[in-house]
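According to TrEMBL, the protein carries these features:
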type	residues	note
DOMAIN	16-219	domain 'Cytochrome b561'
TRANSMEM	21-40	transmembrane segment
TRANSMEM	46-69	transmembrane segment
TRANSMEM	90-108	transmembrane segment
TRANSMEM	120-145	transmembrane segment
TRANSMEM	166-186	transmembrane segment
TRANSMEM	192-212	transmembrane segment
Amino acid sequence: MVHKKEPESEPRLYGFTRTASVVLTHLICFGITVFISVLSRPGTSWFSWHPFLMTLAFSFFMTEAILLFSPEGSPIKSFSHKTKGGVHRLLQGLCASCAVLGFAAIFYNKHLSGKPHFTSWHGLLGLLTVCVVIAQSLAAMPLSYPSLAKGWSLAKLKRYHAASGLITYLLGSASMLLGLCSVWFAGAVREYTWYLSALCLVLSALVIMNQVSRSYMAKKRFQS
């Protein structure tokens, strides 16, 4: 009897830990979005739209779009995979739209101020991230319209989409981390708030990485 209980206790502990981490990630992505919204006060200036829209895009919409497929903490866990796919496309579309608008806001703000563009790592990585988000959205179209994917299996397309999506998410997270190093953010918060914000972004990225890697490791075991 003892030998049966010990192997079963580990999966329960791991399952509880994963569920708790996903729930925490939901709270983090919502909390950071609200925090940056209060801090930036969108609408008070052209610049104010940049941190608000970029946080909304990557910390909220993209994070939630991926967590929809989490087996432990999806808010629509009981829905069909097709429904989840539809909501995922909607959230990713909102993510891309907010990213483009946030990029346009900072670009126009620098134009009005007469400041040079893309002079920092945050600006350069941000430009790359927005381009990758647009490319990722366009590349995902064959998943909705299989007739566009000539010579490609749906399973292979899904693997490439998940891998490229994870890279896109990590680029967005890295851009936000560099944004925390900006003069605006560093001057608006205290030191402990800065470290807490950075920790939240890192934790969210780790949870997303774990979800994507686990889902495809499971698929490989199933196929082998």
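Glycine is treated like the rest: Cβ placed from N, Cα and C.
Residues 46-47, 49-54, 56-58, 61-62, 64-65, 68, 117, 126-127, 129-130, 133-134, 136-137, 140, 172 of the same chain lie 6 or more positions beyond the ends of the transmembrane segment (90-108) yet place their CB under 8 Å from a CB of it. If you take every residue in the domain 'Cytochrome b561' (16-219) and average the pLDDT, you get 93.
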